[in-house]
Structure formats: structure tokens, C-alpha cells
Amino acid sequence: MQRFCALVQYDGTDYAGWQRQVNALSIQQVIEEALEKLMGDPVRITGSGRTDTGVHALGQVFHFDARPGIRYEAALNTLLPKDIRILEVRPAAPDFHARFAARKKRYDYWMTSRQPDPFTWRYKWFRPKKPDPGRMREAAAFLLGTHDFTSFTNCHHHPDKSLVRTVTRLEILEEGEDIHLVFEGTGFLRYQVRMMTAVLDAAGRGRIEPQDVRRMLEMKDKHASRYNAPAHGLFLTRVWYDPGAADWTKTAAKGRMKDDYEQTEP
């Protein structure tokens with residue numbers, strides 16, 4: 001058997017997230033069933049992370065073990081539905097792990113004040129009034145860096161599980177009637193990006209003051225923030241790996257894996 005790493009895009013609208021579920025259809029289940037048809041035996045895949053119900057991906061990465069000599073990219077795409085596309089499959093080191101070897105991730109969130117049309121309602125959070133980008137940026141400054149993000153997740157605290165995460169980039173980009181948020185970090189907790197997005201939106205709309213974000217962080221209380229943006233505006237865009245862990249990193253905008261790690265990382 002050979003270990004492979006794969007780059008996949010998907011529209012998460014009709015799926016119960018990435019992780020296999022008992023009574024609901026997931027991205028993982030659909031890909032594993034396609035691999036089983038190719039291999040004749042069950043194949044388990046492991047993703048870089050678990051996107052929630054309705055969340056999309058431009059650059060999810062997963063690994064699996066299978067026979068060499070098969071053009072998995074082409075073969076899988078003939079079996080998968082149109083809302084799941086394999087962009088590339090490459091051999092990986094035997095110990096490569098899509099989740100544990102991930103060094104950094106990027107998520108993008110889109111919101112718009114334009115009335116949703118039939119082609120974009122799945123991918124942007126509609127806000128009747130455009131939030132103030134300046135106030136959003138002021139609030140975002142408090143989220144940058146290393147913090148205990150207990151107030152921005154629904155994860156239960158366990159003594160052996162840290163809720164400290166590092167946000168290395170948080171940009172608020174204004175594009176016409178759209179607001180585009182870019183989050184990069186070493187890892188994110190469940191709902192963290194969506195809760196940060198919703199709090200920034202609240203600051204931009206004047207429902208809270210930008211300084212309130214610092215207070216929420218300091219409270220370290222999962223009830224401190226009652227805000228949570230809907231899933232459909234969120235995209236897992238990119239996952240970075242050390243060159244020694246995988247021989248590629250991906251450029252989602254180009255839709256291919258690319259050896260550009262040294263040029264894109266600080």
C-alpha cells in the first residue's frame with residue numbers, strides 16, 4: 001500500500017460537514033464510498049480538519065492508503081458528485097498525516113449587503129446594512145496573536161486540551177457591497193472563525209464597541225459571546241505543511257498543488 005495526499009474542493013451546502021455521520025451524509029463518507037468502488041475494499045481518509053455542516057472548502061487536504069498505479073484524481077472525479085472535486089492526488093511519505101502535520105490554515109468568510117441572487121446565496125452571509133469596515137478592523141486587532149479563545153468556541157474545557165490558539169492574520173477587505181474576511185492561524189477551534197466573524201460584524205454595525213472584543217477574550221467564558229455567523233459564508237481555503245512533511249503546498253486560487261512554500265511563508 002502507498003500513502004497518498006489529496007487536495008479537494010467542495011460545496012458544503014448539502015452535506016453534514018466533513019466528518020462521517022451516523023444518520024447524515026458527509027463529505028468524508030462520499031469520498032470513502034467512491035474509493036471503495038475503485039479499490040473493492042473499504043478505505044478510510046483523514047482530513048486536515050473537520051468543516052461543519054454547510055461550510056465549503058477550496059483547499060481541504062486529506063490522506064489515504066491505497067494501491068499505487070491508479071490515476072485517483074481522474075477516477076474519483078468520475079464517481080463523485082459535481083459539488084465535490086478532487087484537484088490533485090500525489091504520493092506522500094508513509095508517516096504523512098493531513099491533520100497532525102498541518103502547520104497553518106486559512107479560512108475566508110464572505111458577507112454582502114446586496115440582495116442574494118440565485119447564484120451567491122449559498123456562499124455569502126446577507127447583511128441588510130453593510131457593517132463599518134473601520135470599526136471591524138479596530139475590533140479585529142484584539143483577536144490577533146495568541147489568546148485563550150474559550151469565549152469563541154463551544155468546545156468544552158478539558159484539563160488536557162488547550163483552548164489557546166494563535167491568529168497570525170486577520171484582514172477585513174472591502175469589495176464593493178461585500179466584506180471579505182481572511183483568517184490565518186496555526187489552528188482554530190470549533191466555531192471559532194464563525195464566532196469571531198459574527199462579533200466583528202456586531203462591532204461594525206454598532207451593536208458592541210470594538211473594545212468589547214478584548215473584554216470577551218479576557219472573560220474566558222463560552223457564554224461571553226452570543227454571536228455566531230452562519231456556516232454558508234465560510235470557506236477552508238488553504239492548509240500549509242512543512243516541506244519535510246509533504247512535497248507540496250497548495251495554491252487554491254490556481255486550483256493545483258504547488259511547491260511555493262518558501263516563497264509564501266514568512
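Cβ coordinates are placed from backbone N, Cα and C, and glycine is handled just like the others.
If you check TrEMBL, you get these features:
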ACT_SITE  D52  active site, nucleophile
BINDING   Y107  substrate binding site
DOMAIN    6-100  domain 'Pseudouridine synthase I TruA alpha/beta'
DOMAIN    139-242  domain 'Pseudouridine synthase I TruA alpha/beta'
Quiz item: If you measure Y107 (substrate binding site) to D52 (active site, nucleophile) at Cα, how many Å is it?
Solution: 13
Exercise. Using the structure shown, find which entry in D52, Y107 (the recorded positions) has the sparsest Cβ neighbourhood within 10 Å.
Key: D52
Quiz item: For the domain 'Pseudouridine synthase I TruA alpha/beta' (139-242), what does DSSP give as the number of helix, strand and coil residues?
Solution: 29 helix, 34 strand, 41 coil
Exercise. According to DSSP, folded down to helix, strand and coil, what is Y107 (substrate binding site)?
Key: strand
Quiz item: Within the domain 'Pseudouridine synthase I TruA alpha/beta' (6-100), how many residues are helix, strand or coil going by DSSP?
Solution: 21 helix, 26 strand, 48 coil
